[in-house]
Every structure is written in C-alpha cells, then in structure tokens.
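Data block below; observations after.
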C-alpha cells in the first residue's frame, strides 16, 4: 500500500525515507495489531491497543450499563490511534488536498497554509458532528445542570471516553506531522501554540473529570474553527471571496462570550455549591477552591489571548485595507497632452494651395539677382 507516488528511492531508514514513508510504516504497525486479533495468544494484547480499557458495570433500574474510567493503559490505546490518524492524514493529503492544490497553482506559503486548513476542515467537521451527536444522545444540551451535578463524573459512557481518546490522539499526532510535512520554521511556533493549547484543555477536562463541560466547550470551539478554515480555503481559491471571513469574525466574539459564560456558570457557581468539596484524587474529586480557580484562570487566560490575537489581526487587516485605499486616491490622474497648435498661413487652403483672403494666389517674390 503506497500513499505517495515516488520517482526516487531513498536509503533504508534514512531521514528522507522515514518522511516519505511514514504513513506506510504506520499502516504496517496497525496491520500487525489487527493480525494479533486472529490468534488467541496475542488477542488480549491486541484488544489493549484497540478498545478503551477500565470498563465497569454500573447497575441501573432495568439492567446494567457498561461505563469506563481513565488509567495508564489509555496511553497504549492513544498510541494506536495516533498511527490511525497518521494514515488518515496521509490519505486526505494525497487523494484530496494535493489534487486540488495542483489546480490552484499556489505559492509555497499559501500551499502550506492550504494544506493546514484542508486537514483541519476535515477534522473539525468530523469532530463537530461527532461531538454534537454525543452531547444530544447523552442529554447534556437539554439538561445544563448535568454539567456539574453528580460531580465527579468518573464513570464515562463508551462514546464519551472514545471521543476523548481520539481527540488526544489527533492533537498528539500533529506534533510529528510538523516534521513529516516539512513545515516552514516560521510556521512552527504558531502551530505549536494552538496544538499545545488544545492538548492542555482536552487532557485537563479528561483528567479532572470535567468531561461533560469539555464536550460543550469543544463543540463551540470546533464550530468556530471549522468556519475559519473553510473561509481560508475559499480565499485561496478566489482572493476576492472574503464574505466567510466576515461571518467568522461575527461568530468568533460570540463564541468567546459563550465559552466564558459556561465555564463561570459550571465551575464558578455550579461546582462551588456542591456539598462534596474535598480533594480526593483516588475518587477523582478535584472540587476545591484552588482547583476551580486554576481551571477558571486557564480558561479565561486562553480566551483573552485568543481575543487579543483576533483584535490584533483585525486591526492589521483594516490598516492594510485603508492604506491601499489611500494609496489609490493619491495616485494622480495622467494629464492629457494639449493639442498642438498648428500655425497656419494667412488666407485659406484650397486643394492644397494657400489662397489669399481676396481669392488670388499669393505670388512668390522673386529675388533680384545682384
């Protein structure tokens, strides 16, 4: 299985070999795990990579339901889905983005940003649909009190835990992809910022048992990011198409307000009124004043930083726009050259001969010979 058509071979296990064949190497490792399911000796180890671990049976009124909690074995499952994500990343890049970028004839800078936005559009679109389905089926939208009631939310449904594991796998896979995709050095700090920001927030919600609140906040954030990267793709296709950027600018500020409101409502008011406010990591209870302040400070600082970057970019964009408009006004109009004044002889012309005013042809004066 080859993801890229190659015309040049590289030395085995060299740097270029790993870069150009990283998806094939990941596919071989995934295939080895799947083959392990076929044998009884290795099946138990293979399931450790594929399925979420730490399942428990919770009795209900009608029957028993299976829930999950987190533990160290989740790192093995996340590692397996990192390789799955690398394979999917290569498929999208090879069979979708590369074919579109060849038709657009983009520069190197725009080509790098086009690939980044193309990958994130696919990821955000999938995550928004998946997250919305989980939130609706679990009833978190219809019952906002469930975001903080019955805390700590140690026991997670299968779809909630699997969603968090896949989210962590995707953002962890984005780190080696900076090397595999040969991202320019100027772009690496910017991409590292938002990758680490997502990892800290998702891992924090997962480990502090704030998974319900994290789902709602991710749904809001991913919806805004999907709109932004879609607008950027349309801009690369046609630079005059900037209408979606205006829609994103309007949604961005509203999203920041909703995220801050939900965080303060759930953490600052909801968890603060809970009776159980003892620090007990074994039971997954982190509902203390210090933990709540740290979480709120992190969320508020992240939203303030995102808003500052947004305002800074908008001001720079408007400044460039008005500079272009003022430059166009300062360009003087090209003056029209005045028509040449043709000195005509006295009289008028008739058949190319100058006639005197009295109608007779002027006679040329003869020069007297000395």
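Glycine is no exception: its Cβ is also placed from the backbone N, Cα and C atoms.
Note that this is a predicted model, so its numbers are computed, not measured.
Within the set 48-66, 143-161, 162-180, 219-237, the record from TrEMBL flags 162-180 under the feature transmembrane segment. TrEMBL tags one of the stretches 30-47, 192-209, 318-335 as transmembrane segment, and that stretch is 192-209.
Segment annotation: TrEMBL labels region 'Disordered' over residues 348-370 (candidates 279-301, 348-370). The list of residues near the transmembrane segment (192-209) in space but at least 6 beyond its ends in sequence, with Cβ under 8 angstroms from a Cβ of it, reads 70, 151-154, 164, 167-168, 171-172, 174-175, 178, 217-218, 284-286, 291, 295, 298-299, 302. Taking pairs at least six residues apart, the transmembrane segment (162-180) and the transmembrane segment (78-97) share three or more Cβ pairs below 8 Å and count as touching. Proximity of distant same-chain residues to the transmembrane segment (289-311), defined by a Cβ-Cβ separation under 8 Å and at least 6 residues beyond the stretch ends, is recorded for 197, 200-201, 204, 208, 210, 217, 249, 252-253, 256, 259-260, 263-264, 267-268, 271-272, 277, 279. Within its own chain, the transmembrane segment (78-97) has Cβ neighbours under 8 Å at 3-4, 22-23, 26-27, 29-30, 33, 49-50, 114-115, 118-119, 122, 165-166, 168-170, 172-173, 176-177, 180-181, counting only residues six or more beyond its boundaries.
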